[in-house]
Amino acid sequence: MALKATTVHRSNCVCPRCPEWTIMWLWALLPICLAVFGTVGIWVVFGIAVSNETVNITERFPYISECGTYNPQSCIFAQICNVCAVLALWVVVIRFQQVRDYGQNSKVNIASIVLGFISCVGISIIGNFQQSVVIGIHLLGAFLAFFVGLAYFWLQVWLCYKAHPFKDRHWVGPLRATFCSICTILVITMAILHNTSYKSGAAVCEWALVMSFFVLFGLFGSEFRHIDFHQLTVQKQGLKTQSTNGVVRMNYVS
């Protein structure tokens, strides 16, 4: 079995009107769909939890996990987390390959895909091990999703400036660094408020943190719109056939 996925040039044409370029540009929608789906999904769960009075916002503002811990919204919450975990993992893998194709096959890039994978596992754990059932495993998932996920995005800030070329670096880099700084402040503040029994404040920080994470995922759309080719084969014969058809394999450089 041979499995290969890469970002390369098949021809000298990079015109936006080129059909192949237009199709590849659609990869930019993947991180955007993740951000929109996740944002809408957790607020729907919040709305259901408030409407059936499993949470009482007049007493204090609830954590996201509290909104999704009781039926029927717990089922929806679990599916939202599972879908987000799969989409996030897809984004992590594509970004890793894209950075590697730019010539940045460094230990930092390898560390990023490892941290990204661990963070995605944490997202799935949060949804499938509800707070009211197994609090210990749920908190482990939260740690993996938030703290490890934050480390992943800080590595992406570094890679944003090291992976050449990147035409949108002048605005994506500062914006990504800004939201990473906001997330860092929110994580620290959330932990302090939670441990000092200011639960409403900690919950607000958690919601703001998750929204900021979705923004960070959505920013990958800027990088993914520059993808111009992908290749997937599971048989060696497929590589031979493509070679016969004159497909040129080389690192993306422009």
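Backbone N, Cα and C define each Cβ position, glycine as well.
Look at TrEMBL and you will find 27-227 tagged as domain 'CWH43-like N-terminal'.
Residues or ranges marked as transmembrane segment in TrEMBL: 21-46 (among others).
The annotation transmembrane segment is assigned in TrEMBL to 76-96 (among others).
Look at TrEMBL and you will find 108-127 (among others) tagged as transmembrane segment.
Residues 65, 69, 92, 108, 111-112, 115-116, 118-119, 121-126, 176, 179-180, 183-184, 187, 209, 213, 216 of the same chain sit 6 or more residues outside the transmembrane segment (133-155) yet have a Cβ under 8 Å from a Cβ within it. Annotated transmembrane segment per TrEMBL: 133-155 (among others), in sequence order.
What TrEMBL records for 175-194 (among others) is transmembrane segment.
Under the heading transmembrane segment, TrEMBL lists 200-220 (among others).
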Could you give the residue numbers and ranges of same-chain residues that sit at least 6 residues beyond the transmembrane segment (200-220) on either side and whose C-beta is under 8 angstroms from one of its C-beta atoms?
30-32, 34-36, 38-39, 42, 60-64, 66, 88, 91, 95, 146, 149, 153, 156, 172, 175-176, 179-180, 182-183, 186-187, 189-191, 193-194
For the transmembrane segment (21-46), could you work out the same-chain residues 6 or more beyond its ends whose Cβ comes under 8 Å from its Cβ atoms?
13-15, 62, 64, 67-68, 73, 76-77, 80, 83-84, 87-88, 90-91, 94, 210-211, 214-215, 217-222, 224-225, 227-230
Chain residues in Cβ proximity to the transmembrane segment (76-96) (below 8 Å; excluding those fewer than six residues from its ends, i.e. six or more beyond):
27, 30-31, 33-34, 37-38, 41-42, 44-45, 48, 67-69, 109-110, 112-113, 116-117, 119-121, 123-124, 126-128, 130, 152, 156, 217, 220, 223-224, 227
